[in-house]
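Input: a single structure, listed below in structure tokens.
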Amino acid sequence: MSGASATKKTQVQNNSGVTPAGECGTWVKEPDGGYFTSPNYPEKYPPERECVYIIEASPRQCIDLFFDDKYSIEPSWECKFDHIEVRDGPFGFSPLIGRYCGQESPEYVRSSGRYLYIKFVADGELEAIGFSARYNFTQDPEFLDLGELPALPFCDFELSGPEGFVESAQIAGEGRALQTEAVDCRWYIKAPPRATIYMRFLEYEMHNSNECKRNFVAIYDGSSSVEHLKNKFCSTVANDVMLTSSVGVVRLWADEGSRKSKFRILFTTFHPPPCEGDTFFCHSNMCINNTLVCNGIQNCVYPWDENHCKEKRKASILDTLDHTNLTIIGVTCGLVVLLLVISVIIQVKQPRKKYIIRRDDFDPALLHPGFEPPHYELCTLRRAPSGDLTDAALAEDFEKFHKLRRSSSKCIRDHHCGSHHGSVHGSVHGSRSNLSMRDATIAADGGALVPPVSILVMKHSYSQDGAEGYRGEEEDDLMMEDGPTTSHHHMYHHQMHHGPSGLDHTVHRTLSNDF
């Protein structure tokens, strides 16, 4: 059978459908159209009757429907009783075009696609003569630029058995059509007597999603006639289908620009309960063949047939590994672990940098004020001079010394009461009450000797700033001795020789003692 003749035969076979057959009037089918009537037309139609007419056009065609003028259906408000219902599609839930009744025939109706669904309903009262309608096929306006559809290749398949796969890859695999050709393929599935068919989609993808005129997958229950159309999928999701007959048909329509559409369906034949000895109960009113249990494929609606099948599970990737692969994996893992250990050791051995945080935003106001006791200086003469001080310079020095004792005894901030090398006249330097004494060797004009004078100056400091001041004065001291405590004793010993007799006059001064 050539492709052209097969296409023409399919078109005549599927362009109409009547349910129930033989009880809904006359139905005349022609390649370019046809007509149908209500029961007993032009006589009155019988009561309690419901008839469904489904018209299917060829791809890239639409349907024009006309009602004859000789028309009469029981009138009612919103046509709730006897009426004609026309829908734009192949199902009773397709978009409603109109509901008609009364004495005036409906206007001309055109479908938007390849299908029209017409249902006639008559109740038990007030019958009338009914209707007569004719239809023809015209070019779909959406495909005027593409022209008429060329002859389609013959693309039918037959399948049977307890299970099997229906997939679009079989079209190219068996050379049924070229990749550039439009296809209208059908897979006929035949189950054993009294058995029915369950279909589950494993893969589904439409190249032009939601464009049903260009590609779709349809499921038929009983035959490929349009009145047996069970489901039609052209969007992004396809659901499982449970048929009620022993014959199922899967149909794929894809035009030249939709050949990338693909699907894969698993079909399983089953019997209703009670299950026989060579069948398995699926807990969903299904009895499948025992050979389908634990075969790695879910044949039941729920995976009862694949539960508790560890001993028959499919080989995993670990089972396919040989000794060489395991050795390579083990060596690689060992190297990775070794590198991780080395990196950890290096991190542990590496010296750590110590950081000293310096507070540049130190606020002295945050410190609590402390009590600062007064600072005292104890200035004593270890050895008083002899009765007669004939030397004017020495007398002047002692006068200044007594003035110093009467002056303020506080050490201001960070300076100690210590000695600095003064001038020849022994002037007191600075504003910090520092005791400065001139070291000199005194000799009388007449050769009289002045006994050595030792002056002790002691300063007790409790100031918080004393330590800083002390560090500043260390640079000016000539000698420094560190004791076991925080006190510092500075001793200066200076000797000068005057006169021909070479007598020594020594002045010993202890400058500071900080606590």
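Cβ coordinates come from backbone N, Cα and C, glycine included.
Those TrEMBL annotations? Automatic predictions, nothing curated.
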Disulfide-linked residue for Cys300, taking TrEMBL as the record, within Cys275, Cys282, Cys287, Cys333: Cys282
Residue among Cys275, Cys309 that, according to TrEMBL, closes a disulfide with Cys287: Cys275
Cysteine from Cys24, Cys79 that TrEMBL links to Cys51 by a disulfide bond: Cys24
Candidate cysteine (Cys294, Cys333) that TrEMBL pairs with Cys309 in a disulfide: Cys294
Count of other CB atoms lying within 10 Å of the CB belonging to Cys275 (disulfide bond): 16
Among Cys287, Cys294, Cys309 [disulfide-bonded residues], residue with fewest other Cβ within 10 Å: Cys309
Protein Cβ atoms within 10 Å of Cys282 (disulfide bond), excluding its own: 23
Neighbouring C-beta atoms (10 Å sphere around the C-beta of Cys51 (disulfide bond)): 23
For Cys24 (disulfide bond), the number of other Cβ atoms found within 10 Å of its own Cβ: 20
Those disulfide-bonded residues, out of Cys24, Cys51, Cys294, Cys309, that come within 10 angstroms of Cys287 (disulfide bond) at the Cα: none
